[in-house]
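First up is the structure itself, then whatever we jot down about it.
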Amino acid sequence: MTTATHLFHSLPPIVSFPAANSSAGVRSQTTSLNVVSASRRSRDDDYHATLKALNSKGRFPRKSLGQHYMLNSEINEQLVRAANVDEGHVVLEIGPGTGSLTNVLIHSGATVLAIEKDPHMVALVKERFESTNRFKVLQEDFVKCHIRSHISPMLESRKALNESLLRAKVVSNLPFNISTDVIKLLLPMGDIFSEVVLLLQEETAVRLVESSLRTSEYRPINIFVNFYSEPEYNFSVPRTNFFPQPNVDAAVVTFKLKQAPEYPSVASTKSFFSMVNSAFNGKRKMLRRSLQHICPSNEIERALGDAGLPTTSRPEELTLDDFVKLHNMIARV
């Protein structure tokens, strides 16, 4: 069995993370997220506690599950503050691991539903939080989980208490290898979630929030994210805060979810995203060619013109609003 001592020797020292704004103007510079009081309370979860918890189950992080455990409790607290978690909130956490973030959520007054794929970690957090009635863990693969059936009853029980509690929040230190799948599942759920706050791979975070027109990073996921939410980059997290240390840094992003009446008005959501994906499949092609399986090129050109766009337009040149206009014009053909 791998001992805690061996785990300690494999780790670099923990370092504090830098201020939020590295280069891009859209990144939040909220001082409260970057300044930690010198008189802060003692924490139950840190470098040693996390490794001790892993060792208690004879566990070593599994690469196949994308497991990288947070070793800096300050970051967990800042993650929870970024989500504005307060008394009475219902919070979904994906991949609780040893429960270090879970612990901060519960102490903030939230009721937590955790989804964990690893049965050993399920046993660990069940044991850790057995004394509270504000925690439930399900052993499931989140991307295959029917999350509505689990969250909706928890929200129903709060309707009589406070209208502001009618939607839940998602707060999670995600395994990097499922982040895109999770985002695609969660963002269209604005009817049950008000915001989704995730710790993601830095490169993914920047791409989702800051990708600009006419760049190689501009992709269908950018259209998807902005269709269903308002994304905001919160702060960066150096790789030295994780065990095992990944090859990349991380960052926290908030997605404020829109509800259905706030979505861009399209004739059909399904056909809209089908058109967007088709457009980007031929990224270097003009839309009059990449979309000709939908309708003839001359009709695509007419739709582009009616939408106020050049007939030579390519997908990386269109904003979300441009794609909405084009789709609705084509739907009328």
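Placed from the backbone N, Cα and C atoms, the Cβ positions cover glycine too.
Keep in mind the model is a prediction, meaning the values are calculated, not measured.
Now, the feature entries from TrEMBL:
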{"type": "BINDING", "residues": "His68, Met70, Gly95, Glu116, Asp141, Asn173", "note": "S-adenosyl-L-methionine binding site"}
{"type": "DOMAIN", "residues": "75-259", "note": "domain 'Ribosomal RNA adenine methylase transferase N-terminal'"}
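Structural mapping of features recorded in TrEMBL.
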| residue | record | Cβ within 10 Å |
| --- | --- | --- |
| His68 | S-adenosyl-L-methionine binding site | 25 |
| Met70 | S-adenosyl-L-methionine binding site | 24 |
| Gly95 | S-adenosyl-L-methionine binding site | 23 |
| Glu116 | S-adenosyl-L-methionine binding site | 26 |
| Asp141 | S-adenosyl-L-methionine binding site | 11 |
| Asn173 | S-adenosyl-L-methionine binding site | 25 |
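The full span of the recorded S-adenosyl-L-methionine binding residues, His68, Met70, Gly95, Glu116, Asp141, Asn173, taken as their largest Cα to Cα distance, is 20 Å.
For the domain 'Ribosomal RNA adenine methylase transferase N-terminal' (75-259), the model's pLDDT averages out at 92.
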